[in-house]
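Chemist: Sharing the record's features from TrEMBL:
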{"type": "BINDING", "residues": "53, 54, 55, 56, 57, 85, 124, 153", "note": "4-amino-2-methyl-5-(diphosphooxymethyl)pyrimidine binding site"}
{"type": "BINDING", "residues": "86, 105", "note": "Mg(2+) binding site"}
{"type": "DOMAIN", "residues": "24-203", "note": "domain 'Thiamine phosphate synthase/TenI'"}
């Protein structure tokens, strides 16, 4: 059962405050999974993921809706932020915490109209112009990448760490570094000013998802301690 929200503005404030503290954002997709995605979801939550995104580009809406409802149940119980990729109507229907859209997906204003003002809206960006535009149009966070070369998505060449540094200087909303980030290169992201990282294959394709998730969390925590 979903907890009732008394006021949309209060809900948005609560969600935004919670999202601003997210360090580890895990993207889950059955196309890359070695086992059922609901098992992966349970594993990454047990490992300490702060937020999860369900991304299924080829799944039918009816199948996606069923899966998204199950994701909502699990994440609501664990108080993990749940983001739906691309499918705004389904994000609204299952009461996901937010929606993430890409540059070729729907218009930002249309997405906001569908999910409502009390939900988190994230937008993928690959240039500083796109980042500025997303912020101006009311995005709550932006994806920044791909930082490194990735086979998960068919993007233009990686944007590299310079773009991440530029976003750090200019953009005031939260940003999430993404793109082939793993345990070997995450230090470069953090050194360049990254705070939150989105991980997909490095976690969900691993044979020990719980331990790998914990390893990412430990590295992020160690970096925080070094900054104090």
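Each Cβ is built from the backbone N, Cα and C atoms, and glycine gets one as well.
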Chemist: Could you check what DSSP calls residue 124 (4-amino-2-methyl-5-(diphosphooxymethyl)pyrimidine binding site) once collapsed to helix, strand or coil?
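Modeler: For residue 124 (4-amino-2-methyl-5-(diphosphooxymethyl)pyrimidine binding site) - judged by DSSP and reduced to three states - the answer is strand.
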Chemist: What does the structure give for the C-alpha distance between residue 124 (4-amino-2-methyl-5-(diphosphooxymethyl)pyrimidine binding site) and residue 105 (Mg(2+) binding site)? Integer Å is fine.
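Modeler: Rounded to the nearest whole number, the Cα-Cα distance is 10 Å.
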Chemist: Under a three-state reduction of DSSP output, how is residue 85 (4-amino-2-methyl-5-(diphosphooxymethyl)pyrimidine binding site) classified: helix, strand, or coil?
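Modeler: Going by the DSSP assignment, residue 85 (4-amino-2-methyl-5-(diphosphooxymethyl)pyrimidine binding site) falls within a strand, counted as strand.
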Chemist: Can you tell me the three-state DSSP label for residue 105 (Mg(2+) binding site)?
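Modeler: Going by the DSSP assignment, residue 105 (Mg(2+) binding site) belongs to neither helix nor strand, so it counts as coil.
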Chemist: Over all shown protein chains, what is the count of other CB atoms within 10 A of the CB belonging to residue 53 (4-amino-2-methyl-5-(diphosphooxymethyl)pyrimidine binding site)?
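Modeler: Taking all protein chains shown, residue 53 (4-amino-2-methyl-5-(diphosphooxymethyl)pyrimidine binding site) has 25 Cβ neighbours within 10 Å.
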Chemist: At the level of the C-alpha atoms, what whole-angstrom distance separates residue 55 (4-amino-2-methyl-5-(diphosphooxymethyl)pyrimidine binding site) and residue 86 (Mg(2+) binding site)?
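Modeler: Approximately 8 Å lies between the Cα of residue 55 (4-amino-2-methyl-5-(diphosphooxymethyl)pyrimidine binding site) and that of residue 86 (Mg(2+) binding site).
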Chemist: What does DSSP say about residue 53 (4-amino-2-methyl-5-(diphosphooxymethyl)pyrimidine binding site): helix, strand or coil?
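Modeler: Assignment for residue 53 (4-amino-2-methyl-5-(diphosphooxymethyl)pyrimidine binding site) reads strand.
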Chemist: By a 10 A CB contact count over all chains shown, which of the binding-site residues listed here is most packed: 55, 57?
Modeler: 55
Chemist: If I take every residue in the domain 'Thiamine phosphate synthase/TenI' (24-203) and average their pLDDT values, what number comes out?
Modeler: 96
Chemist: Determine, to the nearest whole angstrom, how far the Cα atom of residue 53 (4-amino-2-methyl-5-(diphosphooxymethyl)pyrimidine binding site) is from the Cα atom of residue 86 (Mg(2+) binding site).
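Modeler: Approximately 10 Å lies between the Cα of residue 53 (4-amino-2-methyl-5-(diphosphooxymethyl)pyrimidine binding site) and that of residue 86 (Mg(2+) binding site).
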